[in-house]
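As recorded in TrEMBL:
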- SER71: active site, acyl-ester intermediate (ACT_SITE)
- LYS74: active site, proton acceptor (ACT_SITE)
- SER131: active site (ACT_SITE)
- LYS237: substrate binding site (BINDING)
- 37-267: domain 'Peptidase S11 D-alanyl-D-alanine carboxypeptidase A N-terminal' (DOMAIN)
- 6-25: transmembrane segment (TRANSMEM)
Amino acid sequence: MKKKNFGIGVGFAAVLFTAVVLIAFKADEVRQTAAMPAVPQISASQAILVEAETGEVLYERNARERAYPASTTKIMTALLVLETLERYDSPIDQVVTVPREAEGVEGSSLYLKAGEKIRLEDLLYGLMLQSGNDSAVALAILTAGSTENFVAEMNAKAEELGCGNTHFVNPNGLFDENHYTTAWDLAQIAREAMRHPMFRTIVAAPSWDAQREGNDFTHFYNKNKTVHEFRGGNGIKIGYTKASGRTLAASAQRDGKELICVVMGAPNWFNDAYTLMEYGFKRLEE
């Protein structure tokens, strides 16, 4: 009888020990789960979040599906203009003459006039803050001699950056079925652009006052709300057409870490970007 009781005691102890181990394991599992930020819920059809310096992907959704970039195209436009200035050691504040092709371009505009004298710097700020489609055309022609030549340079640069699912047909992002990219590709273009100090200065500016004669449209307001309302927000570009929907490339920096986020086909574009970047910063704290 005593042996029987001893056996029951051993069995009970074993069960109790197993239960304690399981409870401890579950508690540890709960602690680990609680430490991990929740997977973001966003409206975007395509999205990606990367650590800017390394390119590490922290989140992606259909990131290699083709989509229409709209005015985020202008990230590449500004990048090529700035690279050309650096290559030839040309001053950014030089005064240029607006080509006739830049007058009357549809969509968002700086209301440029053919023959107008304006600083190149003002065209760049107008491109990235005010999203001037006419500014994109002017910069393309001033840089490469024609929009066709400039677009060829855009596609060559995309290939150089490994953006195999990107094809440009214009410098401003006006809709064309053959003008496309992906969230992944756009993030790589954004990363490259943000390596240039002048580009960073431009896209981080809340606003800019251009020096123009005979044209009262001088105050350019940054349409990218990230720089106005998101903690650490420092760029970079919004894009919208009816056909492409809402597209946003956004960046933010906190505690020495920088994130770049791209959302495409995103009805709640800014909320999506903020949600993803908050998630990313929490991930980087681990």
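Note: Cβ is positioned from N, Cα and C throughout, glycine not excepted.
Rounded to a whole number, the C-alpha distance linking LYS74 (active site, proton acceptor) with the residue listed as 'active site' is 8 angstrom. Calculated from their C-alpha atoms, the gap between the residue listed as 'substrate binding site' and SER71 (active site, acyl-ester intermediate) amounts to 8 Å. The two recorded residues, SER131 (active site) and the residue listed as 'active site, acyl-ester intermediate', show a Cα separation of 7 Å. With a cut-off of 8 Å between CB atoms and residues at least 6 apart in sequence, the same chain places SER108, SER131, ASN133, ASN172, GLY173, LYS237, ILE238, GLY239, TYR240, THR247 near the residue listed as 'active site, acyl-ester intermediate', listed in sequence order. Averaged over the domain 'Peptidase S11 D-alanyl-D-alanine carboxypeptidase A N-terminal' (37-267), the predicted model reaches a pLDDT of 98. Cβ neighbour count for SER131 (active site): 27 (other Cβ atoms within 10 Å of its Cβ, all protein chains included). Neighbour counts of Cβ atoms within 10 Å were compared for the recorded positions LYS74, LYS237, and the top value is held by LYS237. SER71 (active site, acyl-ester intermediate) carries a helical DSSP state (H, G or I).
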